[in-house]
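Visitor: First the structure, which I've put down as C-alpha coordinates, then a few questions once you've had a look.
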Amino acid sequence: MKVIISGGGTGGHIYPAIAIASKIKEKHPTCDILFIGTSSGLESDLVPKAGYEIKTITVSYLRRKISLHNLKSAGMLLKGLWEARKIIKDFQPDIVIGTGGFVCGPVVYMASKLGIKTLIHEQNVFPGITNKILGNYVDRIAISFEEAQKYFKQKNKLVVTGNPIREEFFKITSEEASLRYKVNRPLVLIVGGSGGSASINKAVIDMLVEHPRNQFEVLLVTGKRHYKELMEKLSQHKEVLQYNRIIEYMDDMPYALKACDLIICSAGAITITEINAVGKPAILIPKAYTAENHQEYNATALEARGAALVIKEKDLKSDYLLSKIEEILNNKEKLQSMERASLDASKKLVAEKIYQEIIKLLKH
Ligand SMILES: CC(=O)N[C@H]1[C@@H](OP(=O)(O)OP(=O)(O)OC[C@H]2O[C@@H](n3ccc(=O)[nH]c3=O)[C@H](O)[C@@H]2O)O[C@H](CO)[C@@H](O)[C@@H]1O
(Lines of atoms letter the chains of each structure in order from A and count residues from 1; the text may use other names and numbers.)
(Lines give C-alpha, C1' and ligand atoms only; values in the text may rest on other atoms or scores of the structure.)
Protein backbone atom coordinates (compact mmCIF):
# COMPACT_ATOMS: atom_id res chain seq x y z
CA MET A 1 0.00 0.00 0.00
CA LYS A 2 1.26 3.49 -0.87
CA VAL A 3 -0.13 6.63 0.75
CA ILE A 4 0.55 10.34 0.33
CA ILE A 5 -0.47 12.61 3.19
CA SER A 6 -0.43 16.37 2.92
CA GLY A 7 -1.24 19.04 5.46
CA GLY A 8 0.77 21.74 7.07
CA GLY A 9 1.63 25.21 8.16
CA THR A 10 0.66 24.75 11.79
CA GLY A 11 0.67 21.87 14.28
CA GLY A 12 -3.13 21.70 14.11
CA HIS A 13 -2.87 20.30 10.57
CA ILE A 14 0.33 18.29 11.03
CA TYR A 15 -0.28 16.27 14.21
CA PRO A 16 -3.57 14.79 12.85
CA ALA A 17 -1.69 13.85 9.66
CA ILE A 18 0.95 12.07 11.77
CA ALA A 19 -1.76 10.34 13.83
CA ILE A 20 -3.39 9.01 10.64
CA ALA A 21 0.00 7.89 9.31
CA SER A 22 0.76 6.01 12.56
CA LYS A 23 -2.57 4.17 12.39
CA ILE A 24 -1.96 3.11 8.77
CA LYS A 25 1.57 1.95 9.70
CA GLU A 26 0.21 -0.02 12.64
CA LYS A 27 -2.19 -1.90 10.33
CA HIS A 28 0.19 -2.18 7.36
CA PRO A 29 3.77 -2.13 8.63
CA THR A 30 5.22 -2.38 5.12
CA CYS A 31 3.11 0.50 3.78
CA ASP A 32 5.01 3.34 2.05
CA ILE A 33 3.97 6.73 3.38
CA LEU A 34 5.13 10.02 1.90
CA PHE A 35 4.27 13.46 3.27
CA ILE A 36 4.04 16.55 1.10
CA GLY A 37 4.43 19.93 2.79
CA THR A 38 6.30 23.20 2.43
CA SER A 39 9.84 23.95 3.50
CA SER A 40 8.71 26.92 5.61
CA GLY A 41 5.91 25.17 7.55
CA LEU A 42 6.32 23.42 10.90
CA GLU A 43 5.89 20.11 9.01
CA SER A 44 9.45 20.16 7.70
CA ASP A 45 10.56 19.82 11.33
CA LEU A 46 7.78 17.68 12.88
CA VAL A 47 7.33 15.07 10.12
CA PRO A 48 10.96 13.82 9.96
CA LYS A 49 11.02 13.84 13.80
CA ALA A 50 8.02 11.47 13.68
CA GLY A 51 10.01 9.19 11.35
CA TYR A 52 8.38 9.92 7.97
CA GLU A 53 9.78 11.16 4.68
CA ILE A 54 8.60 14.55 3.45
CA LYS A 55 8.87 16.23 0.06
CA THR A 56 8.15 19.92 -0.30
CA ILE A 57 6.36 21.99 -2.91
CA THR A 58 5.87 25.70 -3.54
CA VAL A 59 2.67 27.20 -2.13
CA SER A 60 1.28 30.64 -1.57
CA TYR A 61 -2.07 32.01 -0.57
CA LEU A 62 -4.35 34.22 -2.63
CA ARG A 63 -5.55 37.53 -1.22
CA ARG A 64 -9.06 38.75 -1.90
CA LYS A 65 -8.03 41.81 -3.94
CA ILE A 66 -6.09 41.75 -7.22
CA SER A 67 -2.54 42.88 -6.51
CA LEU A 68 1.02 42.24 -7.55
CA HIS A 69 1.19 39.74 -4.70
CA ASN A 70 -1.84 37.95 -6.11
CA LEU A 71 -0.31 37.59 -9.56
CA LYS A 72 2.84 36.22 -7.96
CA SER A 73 0.70 33.85 -5.85
CA ALA A 74 -1.14 32.58 -8.92
CA GLY A 75 2.23 31.83 -10.55
CA MET A 76 3.37 30.00 -7.42
CA LEU A 77 0.11 28.05 -7.29
CA LEU A 78 0.70 26.80 -10.85
CA LYS A 79 4.26 25.87 -9.91
CA GLY A 80 2.98 24.04 -6.80
CA LEU A 81 0.41 22.14 -8.87
CA TRP A 82 3.09 21.08 -11.30
CA GLU A 83 5.45 19.97 -8.50
CA ALA A 84 2.63 18.05 -6.78
CA ARG A 85 1.77 16.32 -10.07
CA LYS A 86 5.35 15.17 -10.52
CA ILE A 87 5.65 13.80 -6.96
CA ILE A 88 2.31 11.98 -7.25
CA LYS A 89 3.17 10.47 -10.64
CA ASP A 90 6.58 9.29 -9.39
CA PHE A 91 5.24 7.85 -6.13
CA GLN A 92 2.04 6.25 -7.56
CA PRO A 93 -0.03 6.32 -4.34
CA ASP A 94 -3.19 4.26 -3.82
CA ILE A 95 -4.73 7.14 -1.91
CA VAL A 96 -3.98 10.79 -1.13
CA ILE A 97 -5.08 12.28 2.19
CA GLY A 98 -5.27 15.99 3.05
CA THR A 99 -5.47 17.38 6.56
CA GLY A 100 -5.79 21.08 5.75
CA GLY A 101 -3.53 24.08 5.32
CA PHE A 102 -2.75 25.68 1.96
CA VAL A 103 -0.29 23.00 0.94
CA CYS A 104 -2.85 20.23 0.68
CA GLY A 105 -4.85 22.24 -1.91
CA PRO A 106 -2.64 21.55 -4.96
CA VAL A 107 -1.73 18.04 -3.76
CA VAL A 108 -5.25 16.72 -3.21
CA TYR A 109 -6.70 18.57 -6.22
CA MET A 110 -4.03 17.13 -8.50
CA ALA A 111 -4.55 13.62 -7.09
CA SER A 112 -8.27 13.78 -7.82
CA LYS A 113 -7.59 15.00 -11.37
CA LEU A 114 -5.24 12.05 -11.84
CA GLY A 115 -8.05 9.69 -10.80
CA ILE A 116 -6.49 8.71 -7.44
CA LYS A 117 -8.72 8.10 -4.40
CA THR A 118 -8.79 11.10 -2.07
CA LEU A 119 -9.92 11.85 1.48
CA ILE A 120 -9.71 15.10 3.42
CA HIS A 121 -9.98 15.63 7.15
CA GLU A 122 -11.37 18.83 8.68
CA GLN A 123 -10.45 19.53 12.31
CA ASN A 124 -12.67 22.52 13.08
CA VAL A 125 -16.33 23.29 13.57
CA PHE A 126 -16.00 25.95 10.85
CA PRO A 127 -14.07 24.45 7.90
CA GLY A 128 -10.98 26.05 6.38
CA ILE A 129 -11.14 27.51 2.88
CA THR A 130 -8.83 24.85 1.37
CA ASN A 131 -11.03 22.01 2.58
CA LYS A 132 -14.22 23.78 1.52
CA ILE A 133 -12.91 24.03 -2.06
CA LEU A 134 -11.44 20.51 -2.03
CA GLY A 135 -14.82 19.16 -0.89
CA ASN A 136 -15.92 19.47 -4.53
CA TYR A 137 -13.20 17.14 -5.81
CA VAL A 138 -12.51 14.51 -3.14
CA ASP A 139 -14.14 11.12 -2.56
CA ARG A 140 -14.62 11.44 1.21
CA ILE A 141 -14.73 14.30 3.75
CA ALA A 142 -14.03 13.28 7.34
CA ILE A 143 -15.16 15.90 9.85
CA SER A 144 -14.59 16.22 13.57
CA PHE A 145 -17.70 17.98 14.85
CA GLU A 146 -21.34 17.24 13.96
CA GLU A 147 -21.76 21.02 13.83
CA ALA A 148 -19.46 21.16 10.77
CA GLN A 149 -21.88 19.26 8.52
CA LYS A 150 -23.89 22.32 7.61
CA TYR A 151 -20.87 24.05 6.06
CA PHE A 152 -20.28 21.38 3.39
CA LYS A 153 -22.57 21.12 0.37
CA GLN A 154 -21.45 17.58 -0.50
CA LYS A 155 -23.54 15.76 2.15
CA ASN A 156 -23.08 12.30 0.61
CA LYS A 157 -19.32 12.47 1.06
CA LEU A 158 -19.39 13.40 4.76
CA VAL A 159 -18.46 11.16 7.66
CA VAL A 160 -18.11 12.32 11.27
CA THR A 161 -14.95 10.79 12.76
CA GLY A 162 -13.56 13.30 15.25
CA ASN A 163 -9.99 14.54 15.41
CA PRO A 164 -7.19 11.99 15.40
CA ILE A 165 -4.51 12.68 18.01
CA ARG A 166 -1.27 11.02 19.10
CA GLU A 167 -1.83 7.68 20.87
CA GLU A 168 0.20 8.76 23.92
CA PHE A 169 -2.66 11.01 25.06
CA PHE A 170 -4.67 7.87 25.79
CA LYS A 171 -1.82 5.77 27.16
CA ILE A 172 0.10 7.88 29.67
CA THR A 173 -0.92 7.50 33.31
CA SER A 174 -1.27 10.44 35.69
CA GLU A 175 1.59 9.02 37.79
CA GLU A 176 3.97 8.90 34.82
CA ALA A 177 3.02 12.42 33.80
CA SER A 178 3.32 13.81 37.34
CA LEU A 179 6.80 12.35 37.71
CA ARG A 180 7.90 14.47 34.77
CA TYR A 181 6.06 17.72 35.32
CA LYS A 182 4.28 18.09 38.62
CA VAL A 183 5.61 20.03 41.59
CA ASN A 184 4.01 20.32 44.99
CA ARG A 185 1.53 22.94 43.77
CA PRO A 186 -1.29 22.68 41.19
CA LEU A 187 0.12 23.01 37.68
CA VAL A 188 -1.41 25.47 35.20
CA LEU A 189 -0.23 24.79 31.65
CA ILE A 190 -0.56 27.76 29.29
CA VAL A 191 -0.06 27.48 25.53
CA GLY A 192 -1.21 29.59 22.59
CA GLY A 193 -1.34 26.88 19.90
CA SER A 194 1.63 25.62 17.91
CA GLY A 195 2.82 29.16 17.11
CA GLY A 196 2.10 30.74 20.48
CA SER A 197 -0.19 33.69 21.12
CA ALA A 198 1.08 37.23 21.72
CA SER A 199 -2.02 38.26 23.66
CA ILE A 200 -2.01 35.20 25.95
CA ASN A 201 1.74 35.64 26.56
CA LYS A 202 1.25 39.30 27.45
CA ALA A 203 -1.58 38.67 29.91
CA VAL A 204 0.31 35.82 31.57
CA ILE A 205 3.59 37.71 31.86
CA ASP A 206 1.77 40.75 33.27
CA MET A 207 0.06 38.45 35.77
CA LEU A 208 3.33 36.81 36.81
CA VAL A 209 5.26 40.05 37.12
CA GLU A 210 2.52 41.30 39.44
CA HIS A 211 2.12 37.93 41.27
CA PRO A 212 5.20 35.75 40.74
CA ARG A 213 4.43 33.33 43.55
CA ASN A 214 0.94 31.84 43.52
CA GLN A 215 -0.78 28.82 45.01
CA PHE A 216 -0.21 27.25 41.58
CA GLU A 217 2.78 26.98 39.27
CA VAL A 218 2.57 28.29 35.71
CA LEU A 219 4.21 26.39 32.87
CA LEU A 220 4.02 28.86 29.98
CA VAL A 221 4.81 27.71 26.42
CA THR A 222 5.41 30.95 24.54
CA GLY A 223 5.81 29.77 20.92
CA LYS A 224 9.22 29.95 19.26
CA ARG A 225 8.95 33.43 17.76
CA HIS A 226 7.90 35.09 21.04
CA TYR A 227 10.35 33.47 23.44
CA LYS A 228 13.48 35.62 23.15
CA GLU A 229 11.72 38.93 23.57
CA LEU A 230 9.75 37.72 26.59
CA MET A 231 12.84 36.34 28.29
CA GLU A 232 14.62 39.66 27.77
CA LYS A 233 11.69 41.41 29.42
CA LEU A 234 11.79 38.94 32.31
CA SER A 235 15.51 39.43 32.95
CA GLN A 236 14.49 42.15 35.39
CA HIS A 237 11.95 39.93 37.14
CA LYS A 238 13.97 36.95 38.32
CA GLU A 239 11.35 35.83 40.82
CA VAL A 240 8.95 34.99 37.97
CA LEU A 241 11.30 32.22 36.81
CA GLN A 242 12.06 31.15 40.34
CA TYR A 243 8.44 30.08 40.88
CA ASN A 244 7.28 29.28 37.33
CA ARG A 245 8.57 27.68 34.12
CA ILE A 246 8.70 29.34 30.72
CA ILE A 247 9.71 27.46 27.56
CA GLU A 248 9.50 28.17 23.83
CA TYR A 249 7.98 24.89 22.57
CA MET A 250 6.65 21.81 24.35
CA ASP A 251 7.95 18.64 22.67
CA ASP A 252 6.27 16.53 25.27
CA MET A 253 2.66 17.74 25.16
CA PRO A 254 0.98 14.42 26.10
CA TYR A 255 2.86 14.33 29.42
CA ALA A 256 2.51 18.03 30.20
CA LEU A 257 -1.21 18.01 29.47
CA LYS A 258 -1.82 14.88 31.49
CA ALA A 259 0.14 16.34 34.43
CA CYS A 260 -1.59 19.72 34.61
CA ASP A 261 -4.59 20.63 36.77
CA LEU A 262 -5.85 23.34 34.43
CA ILE A 263 -4.97 24.32 30.88
CA ILE A 264 -5.23 27.80 29.44
CA CYS A 265 -4.92 27.92 25.67
CA SER A 266 -6.13 29.28 22.39
CA ALA A 267 -8.98 27.31 20.83
CA GLY A 268 -7.23 25.29 18.13
CA ALA A 269 -9.23 22.15 17.37
CA ILE A 270 -6.42 19.67 18.01
CA THR A 271 -5.45 21.12 21.38
CA ILE A 272 -9.13 20.96 22.37
CA THR A 273 -9.33 17.30 21.32
CA GLU A 274 -6.19 16.52 23.35
CA ILE A 275 -7.62 18.31 26.39
CA ASN A 276 -10.75 16.16 26.19
CA ALA A 277 -8.74 12.96 25.75
CA VAL A 278 -7.00 13.55 29.09
CA GLY A 279 -10.14 15.05 30.69
CA LYS A 280 -8.79 18.43 31.81
CA PRO A 281 -10.69 21.63 32.53
CA ALA A 282 -9.78 24.55 30.29
CA ILE A 283 -9.85 28.29 29.97
CA LEU A 284 -10.06 28.90 26.22
CA ILE A 285 -8.96 32.17 24.66
CA PRO A 286 -9.86 31.96 20.94
CA LYS A 287 -7.46 33.78 18.62
CA ALA A 288 -9.56 36.60 17.22
CA TYR A 289 -7.82 36.94 13.85
CA THR A 290 -8.27 33.33 12.67
CA ALA A 291 -10.08 32.74 9.37
CA GLU A 292 -13.83 33.31 9.74
CA ASN A 293 -13.19 33.51 13.49
CA HIS A 294 -13.28 29.68 13.53
CA GLN A 295 -11.57 29.35 16.94
CA GLU A 296 -14.57 30.97 18.59
CA TYR A 297 -16.84 28.26 17.13
CA ASN A 298 -14.50 25.57 18.57
CA ALA A 299 -14.38 27.28 21.97
CA THR A 300 -18.11 27.87 22.28
CA ALA A 301 -18.86 24.24 21.41
CA LEU A 302 -16.72 23.10 24.39
CA GLU A 303 -18.07 25.75 26.74
CA ALA A 304 -21.62 24.65 25.91
CA ARG A 305 -20.67 21.15 27.14
CA GLY A 306 -19.53 22.58 30.49
CA ALA A 307 -15.87 21.66 30.01
CA ALA A 308 -14.40 25.09 29.48
CA LEU A 309 -14.64 28.74 30.25
CA VAL A 310 -14.15 31.11 27.32
CA ILE A 311 -12.41 34.48 27.60
CA LYS A 312 -12.45 36.64 24.47
CA GLU A 313 -9.11 38.25 23.58
CA LYS A 314 -10.63 41.71 23.99
CA ASP A 315 -11.51 40.90 27.63
CA LEU A 316 -8.15 39.31 28.42
CA LYS A 317 -6.54 41.21 31.30
CA SER A 318 -4.03 39.81 33.79
CA ASP A 319 -6.19 40.43 36.89
CA TYR A 320 -9.25 38.89 35.29
CA LEU A 321 -7.22 35.86 34.20
CA LEU A 322 -5.83 35.38 37.71
CA SER A 323 -9.30 35.61 39.22
CA LYS A 324 -10.63 32.94 36.80
CA ILE A 325 -7.71 30.57 37.48
CA GLU A 326 -8.25 30.87 41.23
CA GLU A 327 -12.01 30.54 40.87
CA ILE A 328 -11.66 27.19 39.10
CA LEU A 329 -8.78 25.78 41.16
CA ASN A 330 -10.40 26.71 44.48
CA ASN A 331 -13.75 25.15 43.66
CA LYS A 332 -13.23 21.37 43.76
CA GLU A 333 -16.80 20.65 42.65
CA LYS A 334 -16.53 22.91 39.60
CA LEU A 335 -13.11 21.51 38.78
CA GLN A 336 -14.38 17.94 38.87
CA SER A 337 -17.52 18.65 36.88
CA MET A 338 -15.40 20.37 34.20
CA GLU A 339 -13.05 17.36 34.16
CA ARG A 340 -15.98 14.97 33.67
CA ALA A 341 -17.54 17.13 30.94
CA SER A 342 -14.17 17.35 29.21
CA LEU A 343 -13.72 13.58 29.21
CA ASP A 344 -17.31 13.10 28.02
CA ALA A 345 -16.61 15.28 24.98
CA SER A 346 -13.75 13.00 23.97
CA LYS A 347 -14.29 10.88 20.86
CA LYS A 348 -12.65 7.45 20.88
CA LEU A 349 -10.98 5.42 18.14
CA VAL A 350 -10.86 8.34 15.74
CA ALA A 351 -7.76 7.26 13.79
CA GLU A 352 -9.31 3.79 13.49
CA LYS A 353 -12.52 5.30 12.01
CA ILE A 354 -10.52 7.30 9.48
CA TYR A 355 -8.49 4.19 8.64
CA GLN A 356 -11.74 2.26 7.99
CA GLU A 357 -12.89 5.02 5.61
CA ILE A 358 -9.59 4.74 3.75
CA ILE A 359 -10.01 0.97 3.40
CA LYS A 360 -13.63 1.39 2.19
CA LEU A 361 -12.45 3.82 -0.49
CA LEU A 362 -9.68 1.51 -1.62
CA LYS A 363 -12.12 -1.40 -2.00
CA HIS A 364 -14.37 0.52 -4.39
C1 LIG B 1 -3.94 30.43 14.11
C2 LIG B 1 -4.70 29.31 13.48
O3 LIG B 1 -5.37 29.47 12.47
N4 LIG B 1 -4.62 28.15 14.13
C5 LIG B 1 -5.28 26.94 13.64
C6 LIG B 1 -4.26 25.81 13.61
O7 LIG B 1 -3.77 25.83 14.91
P8 LIG B 1 -2.65 25.32 15.80
O9 LIG B 1 -1.60 24.60 15.07
O10 LIG B 1 -2.20 26.37 16.71
O11 LIG B 1 -3.58 24.38 16.57
P12 LIG B 1 -4.08 23.33 17.45
O13 LIG B 1 -4.25 23.95 18.76
O14 LIG B 1 -5.28 22.70 16.85
O15 LIG B 1 -2.91 22.22 17.48
C16 LIG B 1 -1.66 22.47 17.98
C17 LIG B 1 -0.91 21.17 18.02
O18 LIG B 1 0.43 21.46 18.32
C19 LIG B 1 0.80 20.80 19.52
N20 LIG B 1 1.77 21.63 20.24
C21 LIG B 1 1.54 22.97 20.41
C22 LIG B 1 2.45 23.74 21.07
C23 LIG B 1 3.61 23.13 21.59
O24 LIG B 1 4.47 23.78 22.19
N25 LIG B 1 3.79 21.80 21.41
C26 LIG B 1 2.89 21.02 20.74
O27 LIG B 1 3.10 19.81 20.60
C28 LIG B 1 -0.48 20.59 20.30
O29 LIG B 1 -0.32 19.56 21.24
C30 LIG B 1 -1.43 20.26 19.14
O31 LIG B 1 -1.27 18.91 18.75
O32 LIG B 1 -4.91 24.59 13.22
C33 LIG B 1 -6.03 24.17 14.00
C34 LIG B 1 -6.58 22.89 13.40
O35 LIG B 1 -7.01 23.08 12.08
C36 LIG B 1 -7.09 25.28 14.06
O37 LIG B 1 -8.15 24.90 14.89
C38 LIG B 1 -6.40 26.55 14.57
O39 LIG B 1 -7.34 27.60 14.71
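Glycine is no exception: its Cβ is also placed from the backbone N, Cα and C atoms.
Among the features that TrEMBL reports, UDP-N-acetyl-alpha-D-glucosamine binding site is placed at Thr10, Gly11, Gly12, Asn124, Arg166, Ser194, Gln295.
Describe the structural context of each listed feature in the structure shown, including burial, neighbouring residues and relevant distances.
Guide: All protein chains considered, the CB of Gly11 (UDP-N-acetyl-alpha-D-glucosamine binding site) has 21 other CB atoms within 10 Å.
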Visitor: Hey, what's the Cβ neighbour count for Gly12 (UDP-N-acetyl-alpha-D-glucosamine binding site) at 10 Å?
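Guide: The answer is 26 other Cβ atoms.
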Visitor: Quick check: in three-state DSSP terms, what is Arg166 (UDP-N-acetyl-alpha-D-glucosamine binding site)?
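Guide: In three-state terms, Arg166 (UDP-N-acetyl-alpha-D-glucosamine binding site) counts as coil.
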Visitor: Relative to the Cβ position of Thr10 (UDP-N-acetyl-alpha-D-glucosamine binding site), how many further Cβ atoms are located within 10 Å?
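Guide: Step by step: centre on the Cβ of Thr10 (UDP-N-acetyl-alpha-D-glucosamine binding site), count other Cβ atoms within 10 Å, giving 18.
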Visitor: So how far apart do the UDP-N-acetyl-alpha-D-glucosamine binders Thr10, Gly11, Gly12, Asn124, Arg166, Ser194, Gln295 get, largest Cα to Cα in Å?
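Guide: Between the outermost Cα atoms of Thr10, Gly11, Gly12, Asn124, Arg166, Ser194, Gln295, the distance is 21 Å.
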Visitor: Per DSSP, Gly11 (UDP-N-acetyl-alpha-D-glucosamine binding site) is which: helix, strand or coil?
Guide: helix
